[in-house]
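Asker: Before I ask anything, let me first share the structure, which is written out below as structure tokens.
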Amino acid sequence: MKEILIGILAALFFAVTFVLNHSMELEGGSWLWSSSLRYFFMLPFLIAIVAIRGKVGFRILSSEMKEHPGAWLIWSFVGFVLFYAPLTFAAAFGPGWLVSGTWQFTIVAGVLLAPLFITTIAGKNIRAKIPLISLGISGIILFGILLIQIPQAQTVSMKSLLLGILPVIVAAFAYPLGNRKMMELCGGRVDPFQRVLGMTIASLPAWILLAIYALFTVGLPSASQVYQSLLVAVSSGVIATILFFIATDRVRHDQGKLAAVEATQSTEVLFAMVGEMILLSVPLPQPIALIGLVVIIIGMLLHSYHTVLMNKRLQTANEKG
């Protein structure tokens, strides 16, 4: 239950991404700068956090990255670059509600990815199965997301619809895949702070290339875009990412619980919608969208209840054993 609350708190800070990316798009800012600046700004904050926690953290992280440099580069690219670049690209072609709403597909994607991972139990490698109950509950949340989008989708062009949806679907699979692969690779030897720093460093070559391309195609970013990118970096890139990684790290050995934590990202839609109403004067959602919000909340409660039940069953089994 505690991990789910941490996940919801992370979702609040993640929602800043969708609101400010939409704001920067309305001001004419390029998605190339919005994506690369976030990770440039994240780096010094993460270095400071790891340094405060002790110098040994750098040695452990350095040792891990030197042992598997290729894996760090690949899964950091998947988990960070293929996650955030498509999100900022989509913000240039679709409103924040569409991007944040479509992003909730990551709930189902996270469940569907389970068979890609192998768990060793009693010396035997066992391929994880799709947790059907978690998949069903995730489907309820996804239905709520669809209800939210129906009124707005009627006023969006087909081009905006496709360019706002397809890139985000890529991101929806990339983020949980990169996150889980890195957890599997590290095996708990590095903490979430070190892991986020390592993934940021490993993804820097891609962000530098994007920034160079942006410099020659759209010029330098505006002062407003730099400032808003800094806010996104601190809120979503540092605070939200670390909170989310802490939550997923605690339940990394249980696919059902992991799916429940990843499902907390659905609350980003609620936070993003409220944020756009306050900051960007987006009108109050229509009744069908409000019904969708209720469905999302019901799905969240079901995930929490299911997680509590699994914990009780595990505790009972351990006591009997």
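Numbers here mean position along the shown chain, with the first residue as 1.
Keep in mind that glycine also has a Cβ here, set from the backbone N, Cα and C atoms.
Pasting the feature list from TrEMBL:
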type     : residues : note
TRANSMEM : 31-52    : transmembrane segment
TRANSMEM : 72-97    : transmembrane segment
TRANSMEM : 103-123  : transmembrane segment
TRANSMEM : 130-150  : transmembrane segment
TRANSMEM : 156-175  : transmembrane segment
TRANSMEM : 196-220  : transmembrane segment
TRANSMEM : 226-247  : transmembrane segment
TRANSMEM : 259-282  : transmembrane segment
TRANSMEM : 288-305  : transmembrane segment
Asker: Between the transmembrane segment (259-282) and the transmembrane segment (156-175), do 3 or more CB pairs sit under 8 angstroms, pairs being 6 or more residues apart?
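Answerer: In this chain the transmembrane segment (156-175) does not contact the transmembrane segment (259-282) - fewer than 3 Cβ pairs sit under 8 Å.
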Asker: Taking the transmembrane segment (288-305) as the reference, which of 72-97, 130-150, 226-247 gives the largest number of Cβ pairs under 8 angstroms?
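Answerer: Answer, by Cβ pair count: 130-150.
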Asker: By a Cβ-Cβ criterion of under 8 Å, what residues six or more beyond either terminus of the transmembrane segment (72-97) are in contact with it?
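Answerer: The answer is 17-19, 21-22, 24-25, 30-32, 34-35, 38-39, 64-65, 103, 148-149, 152, 156, 159-161, 163-165, 167-168, 170-171, 174-175, 177-179, 181-182, 185, 198-203, 205-207, 210, 269, 272-273, 276, 280, 282.
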Asker: Same chain, outside the transmembrane segment (226-247) by at least 6, Cβ under 8 Å from its Cβ: which residues?
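Answerer: 3-4, 6-7, 9-14, 16-17, 20-21, 23-24, 29, 33-34, 37-42, 45-46, 49, 179, 192-193, 195-196, 261, 264-265.
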